[in-house]
Amino acid sequence: MSAKSNQRGAKAPLLGSKIKLNIEKLAIGGAGVARHEGMVVFVPQAAPNEEILAEITLVKKNFMEARVVEILTASPHRREPPCPVAHTCGGCNWQHITEEEQRRQKHTLVLETIKKFNRDLEFNYLPIQPSPRVLRYRNRIQPKFKNGRFGFFARNSHQIVETMDCLITEETLTDKFAEVKAWAEKKNAKDLQRLEMYIAEEGDVRYGLITDEDDGIGFSQVNRFQNEDLLRTALDWAGDGPYKKVYDLYAGAGNFTFPLAAKYAGSEIIGVELNPKLVERARSKITDKRMTYFMSDVETYMRRASIGKDDLVVLDPPRAGASEYTMQTLAAAQPRKIIYISCHPVSLARDLNWFFAQTQKLGIKYKLDRVQTFEMFPQTDHVETIAELRVDS
């Protein structure tokens with residue numbers, strides 16, 4: 001592959017060439033960030049504040065990717081991963097970094113991302129909420145089975161890293177790995193890559209295949225220990241009310257819906273969720289006539305919703321975030337308060353930008369009151385964030 005030029009006109013290194021890099025920080029996606037002759041270089045499995053010898057693996061117009069060949073000066077935040085397969089398994093990309101530094105990097109990443117989309121946005125940015133567990137916290141996983149091999153996909157590959165344990169998974173699940181492997185072998189299939197294991201609400205372990213017709217249990221919080229703290233914060237930030245209606249958008253099986261119904265006894269509670277199995281599960285638990293669950297994608301629902309100024313809106317979208325239409329419609333509806341829970345900093349920052357662009361256009365005064373990150377996924381770059389938006393009176 002021929003060398004390409006970067007924006008400053010200097011030639012980028014050839015593919016496969018080796019260069020020295022100083023890792024400045026970590027990026028969304030988990031890679032270390034360095035600069036070489038004005039060009040950004042992303043290096044997986046690097047750690048902040050270390051010097052490495054790296055091999056260029058990808059050259060693009062505005063950035064490069066590289067792999068660590070040798071650590072010349074180790075980061076003070078680098079450690080030996082607690083998991084023996086962490087260097088090859090694709091499940092955890094930050095096990096080589098201390099937990100304290102993981103939290104610091106996530107906290108910084110969210111702030112930088114929000115400011116990148118809207119540098120004028122002012123808000124109270126609270127310290128990150130650590131997870132009660134940094135290991136053994138996942139209650140839902142998707143192990144892989146292929147040609148007698150049981151484990152997880154290797155990083156950036158469909159090759160299976162064999163393991164009969166996973167240090168970020170609750171032992172209630174990992175204790176069943178041998179049973180699940182034996183079950184997979186009995187199915188006499190060469191390739192069972194769409195397995196799912198989870199701890200049910202009743203406390204028992206369930207497992208099976210995910211099919212095109214059945215996409216598993218759908219979205220649910222995988223860290224029940226941290227989810228309790230997130231719920232408490234969301235309910236606290238929502239305030240005392242009273243609200244005429246309380247909307248839970250992207251409601252899942254009711255993680256927020258039912259606690260909201262318990263807190264706001266005089267409000268009409270509306271959940272909106274697209275996944276039919278999650279809607280069915282939520283509806284089966286409803287005993288209060290004030291509660292209604294709609295099976296719909298949120299944007300379609302917003303086209304007929306009657307959200308008012310005396311209402312509370314809670315939304316917890318997937319990684320892709322909400323749509324521009326949804327955020328603009330929310331802004332125009334002017335609910336008294338909005339609690340936004342996000343699992344991806346970029347979609348959060350983009351959605352906030354859409355929202356405040358619309359309020360400015362309509363002459364509506366809203367305030368981003370406070371933002372806090374939650375360490376929902378230790379040992380990975382993923383982070384949960386909660387934001388409170390309210391009418392600025």
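Note: Cβ is positioned from N, Cα and C throughout, glycine not excepted.
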Given Swiss-Prot lists GLN221, TYR250, GLU273 for S-adenosyl-L-methionine, the same-site residue among ASP310, ASP311, ASP316: ASP316
Cα separation, GLN221 (S-adenosyl-L-methionine binding site) to CYS343 (active site, nucleophile) (Å, whole number): 10
Env. residues of [4Fe-4S] cluster site, Cβ within 8 Å of mean position of CYS83, CYS89, CYS92, CYS166 Cβ: PRO81, VAL85, ALA86, GLY91, GLN95, PHE152, THR163, LEU167, ILE168, GLN379
Among GLU273, ASP316, the most crowded of the binding-site residues [Cβ within 10 Å]: GLU273
Nearest of the binding-site residues (CYS83, CYS89, CYS92, CYS166) to TYR250 (S-adenosyl-L-methionine binding site), judged by Cα-Cα distance: CYS92
Cβ atoms near CYS343 (active site, nucleophile) (within 10 Å, other residues, all chains): 21
